[in-house]
Every structure is written in structure tokens, then in C-alpha cells.
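Enquirer: One structure coming up, written as C-alpha cells, with questions to follow.
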Amino acid sequence: MSHRVLTGITTTGTLHLGNYVGAIRPAIAASRTPGVESFYFMADFHALIKCDEPDRIARSSRAIAATWLAAGLDPERVTFYRQSDIPEIPELTWLLTCVTAKGQMNRAHAYKAAVDAATAAGEEPDAHVTMGLFSYPVLMAADILMFNAHRVPVGKDQVQHIEMARDIAQRFNHLFGQGRELFTLPEAVVDAEMELLPGLDGRKMSKSYDNVIPLFEGGPKALQEAVARIVTDSKLPGEPKDPEGQALVTIYDAFATPEQRAAFRAALRGGLSWGEAKQQLVALIEGQIGPMRARYDALMADPAQLEAILQRGAEKARAIAVPFLKELRAAVGLRPYTASAATAVAKAEKAALPVFKQYREADGQFYFKLLSAGGELLLQSRGFEQGRDAGQWVARLKREGWVADAPVQREASDEVISAALAAFQAE
Ligand code: TRP
């Protein structure tokens with residue numbers, strides 16, 4: 001069976017170079033691997049948790065969708081969709097919410113961080129906590145379990161959420177699976193690369209540190225300006241420089257071939273100025289990002305095309321989600337009344353089987369008889385000294401059907417007796 005990989009990006013901003021190198025680029029490469037089925041989506045329901053600016057959410061969703069496609073994602077090859085186009089996801093969230101322990105959600109990092117911040121500010125612990133923030137891991141579990149993803153590439157900060165999704169899946173399987181694994185247990189994949197790209201100041205590139213290099217926004221000029229702000233040491237042009245541990249060099253590495261990496265290091269050791277090095281970095285990045293930016297701008301200028309791609313993606317996703325949710329609803333007991341009637345009839349039919357009865361008569365001997373489902377006598381045995389012998393004949397008749405030398409009196413037609421015995425073999 002093929003392997004399912006799934007990941008989402010929350011739609012509250014635009015993407016930077018670190019998102020591209022750490023998430024988008026490896027995800028697109030993985031989507032081209034044979035035997036891998038990829039599911040990538042805009043997590044816009046998640047965006048509502050931390051953002052109450054409708055225009056920002058709408059703009060971000062569109063920009064992130066355009067970014068994926070501009071970077072080379074093939075929507076024919078993967079399932080690429082907006083979370084909010086799949087109403088089965090919030091419905092599944094509720095089914096999962098009902099089996100999720102509140103105590104476990106109390107321990108979620110995002111919630112605990114909010115409580116710690118409020119407490120530190122002398123406020124009520126839950127002062128800024130919505131139910132959306134509190135239940136965030138359950139929504140994320142629904143994203144993942146809806147498509148039975150095996151692997152979920154995420155940053156380190158999300159690993160706990162994947163573990164929670166596993167726990168929730170396990171509990172649901174246990175309660176409702178009747179021995180079946182309704183949900184696949186997902187695994188987090190934390191690529192070393194996910195954490196790799198440093199920002200302008202050498203710390204991890206992140207919006208919250210205000211140290212990002214924009215991916216497409218602002219064009220080549222913004223790229224150039226950001227690179228100019230990368231912190232280096234203060235060695236002068238001509239002075240030999242140690243390339244190791246320099247953010248500039250690590251960012252260069254993320255776009256360079258092994259040969260380019262070696263040449264860049266050699267040049268720095270040979271005295272290349274930081275200014276010159278920055279220009280080389282801009283040229284390297286722009287060579288790869290530039291053509292994508294052109295596609296990005298074209299997609300942003302054509303929302304109808306983008307919308308059509310996402311609608312098609314939602315169709316593909318729902319072709320999986322709709323029938324699966326139907327199964328899950330039935331598993332928890334949300335069934336059409338006609339379906340439960342059918343179950344009751346099936347049970348009644350199952351109950352209506354012929355029966356062997358074993359008993360002892362006043363003569364001290366052991367007997368058995370076969371009765372039809374309706375209670376008519378079909379076979380009557382002779383008497384046995386030992387109850388065990390009677391039992392062995394019953395077992396043999398159940399197992400083998402009619403046996404020519406069975407010590408019984410036939411009380412019905414051959415067909416009726418054979419059909420009754422056949423019912424035991426079908427059991
Ligand atoms: N919560 C994730 C983040 O902030 C985004 C996300 C939402 C996600 N649903 C997901 C990631 C499902 C992986 C799988 O980064």
C-alpha cells in the first residue's frame with residue numbers, strides 16, 4: 001500500500017525563506033517520490049484560533065496557496081486543498097472531541113504557554129484562552145486522521161500534537177473499531193532541515209523574532225535589503241574569514257550545490273568581502289526564487305484560476321472524507337434508522353438457527369436431537385451409555401454435515417436435514 005504524507009500550514013501570514021527551505025521545498029520533493037500519496041492543505045480553520053482579522057486570513061490563504069503552486073507543487077499529483085472546504089473535518093473534530101481527555105488537553109504546549117503568559121502578567125490563568133485554542137490539538141488530529149496519514153512532517157513544536165492525535169486515534173479505535181483499526185496511527189517526521197535556516201540575526205528564522213527574509217513579497221529588492229541586514233563578523237575586505245557558524249553561509253548552503261558550497265567557503269577564507277558575499281547570496285537565491293516569483297505573481301493576479309484548483313482539490317479530498325466519515329458515524333452509532341433495522345433483522349436471522357439438544361432420559365441414557373429453527377424435530381439419536389459419546393456425535397455432525405452411519409432416526413426429509421446441518425458449517 002502506498003504511504004500517505006500530510007501536512008498543513010496555518011493561514012495567518014505570508015511565507016518566508018525559512019518556510020520554503022524547511023517545509024515547502026522538502027514537501028514538494030517528497031510528493032514526487034513514487035509510492036507516496038501527499039495531502040497538503042491551508043489550515044484556515046486553525047487560523048481562526050489566533051486571528052480575528054477576516055481580510056488577513058483571506059489574503060494569507062490565497063498567498064499560501066499561490067506559494068505552494070509557484071514553488072512547483074503539482075495539484076494533479078497530490079491532494080491540495082483548503083481545510084475549510086472539507087466540512088467533514090469539523091464534524092470529525094466533534095467525534096474525536098468526545099473521546100479526548102480534557103486532562104490531556106490541559107498539557108498541550110500552546111494552551112500552557114497562554115496560561116503561563118497570563119499568570120506572569122497577573123491575570124486569570126485562562127484570561128486569553130478561547131475554546132478554539134484549548135481544543136486546537138483535536139482539530140489537528142481530525143486533519144490527520146480524516147485521511148489516515150502515516151507520516152506528518154512538522155516542526156519540533158508540533159510533535160506533541162501528533163502524539164495527541166495518535167492517542168486520540170488509539171482510543172477511538174479501541175472504543176469503536178470492534179477489533180478494526182478505523183484510524184491509522186500517525187507518526188511525526190521532524191526533518192533536520194525543518195529547523196535549519198537561521199534568520200538575519202543567526203537565530204532560527206521566524207516571524208516572531210522579526211529576522212526573516214521574505215520569500216516572494218517585495219520582489220528582488222526586498223530580498224536584497226534583507227540579505228544586506230544579515231549579521232556577520234566585522235572582518236574587513238581582504239581579511240581571511242571563517243565561514244563556519246555564519247548565518248550567511250548556512251543560508252547560502254540551503255540553495256547551493258556541494259561544489260558551490262566549497263567554492264564559497266574557499267573565497268571567504270581567501271578574503272572575499274562580506275558585501276561581495278551578500279551579493280553572491282542574493283544572486284544564488286534569486287536564480288531559484290525568481291522564476292517562482294513570476295508564477296506567484298501570475299497566480300495572485302488570477303484568483304479564479306487559483307479558486308478552480310482549490311475546488312478541484314476539495315473534490316478529491318472529499319471523495320475520501322465523505323465515505324469515511326459515513327463509516328465513522330455508523331461506528332459511533334449515528335445511523336439511519338433503516339440501517340439499525342437491517343442490523344436487527346440480521347441478528348434475528350442469525351439467532352434463528354437449528355439447534356442440537358443433549359439430554360438424559362429416565363432410562364439413564366444420554367440422547368441428542370436436532371431441532372429446526374422453528375422447533376420441529378429433525379433428528380433423534382439413540383441412547384448412549386456415556387454423555388461424551390453423544391457430544392462427540394453432535395460435534396461431528398456440526399462439523400461434517402450428514403454422516404451415513406450416524407446413530408440417529410431421521411424425522412424429516414433429506415433436504416431439510418442437510419440444510420439444517422449446513423447452517424452449522426456456515427457459522
Ligand atoms: N498546527 C500546525 C502549525 O501551526 C498546522 C497544522 C494544522 C498542521 N493542521 C495540521 C500540520 C495537520 C500538520 C498536520 O504548524
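Glycine is treated like the rest: Cβ placed from N, Cα and C.
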Enquirer: When you get a sec, could you say which of 59-63, 204-208, 239-243 is annotated motif ''KMSKS' region' by TrEMBL?
Expert: 204-208
Enquirer: Between 11-19, 83-91, 407-415, I'd like to know which one TrEMBL lists as motif ''HIGH' region'.
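Expert: Of the candidate stretches, TrEMBL labels 11-19 as motif ''HIGH' region'.
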Enquirer: Go through the binding-site residues THR10, THR12, MET205 and pull out the ones with a Cβ less than 6 angstroms from some atom of ligand 1.
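Expert: Correct list: THR10.
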Enquirer: How big is the gap, in Å, between the Cα of LEU197 (ATP binding site) and that of ASP143 (L-tryptophan binding site), rounded to a whole number?
Expert: 27
Enquirer: Please report the distance from the Cα of ASP143 (L-tryptophan binding site) to the Cα of LYS156 (ATP binding site), rounded to the nearest angstrom.
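Expert: If we compare the Cα positions of ASP143 (L-tryptophan binding site) and LYS156 (ATP binding site), the gap is 18 Å.
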Enquirer: Near MET205 (ATP binding site), which residues of its own chain have a C-beta under 8 A away, given they sit six or more steps off in sequence?
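Expert: Counting only residues 6 or more apart in sequence, the Cβ neighbours of MET205 (ATP binding site) under 8 Å are HIS16, LEU17, GLY18, LEU197, PRO198, GLY199, ASN211, VAL212, ILE213.
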Enquirer: Quick one: largest C-alpha distance among THR10, THR11, THR12, GLY18, ASN19, GLY155, LYS156, ASP157, LEU197, LYS204, MET205, SER206, LYS207, SER208, binding ATP per the record, in angstrom?
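Expert: Across THR10, THR11, THR12, GLY18, ASN19, GLY155, LYS156, ASP157, LEU197, LYS204, MET205, SER206, LYS207, SER208, the widest Cα separation comes out at 21 Å.
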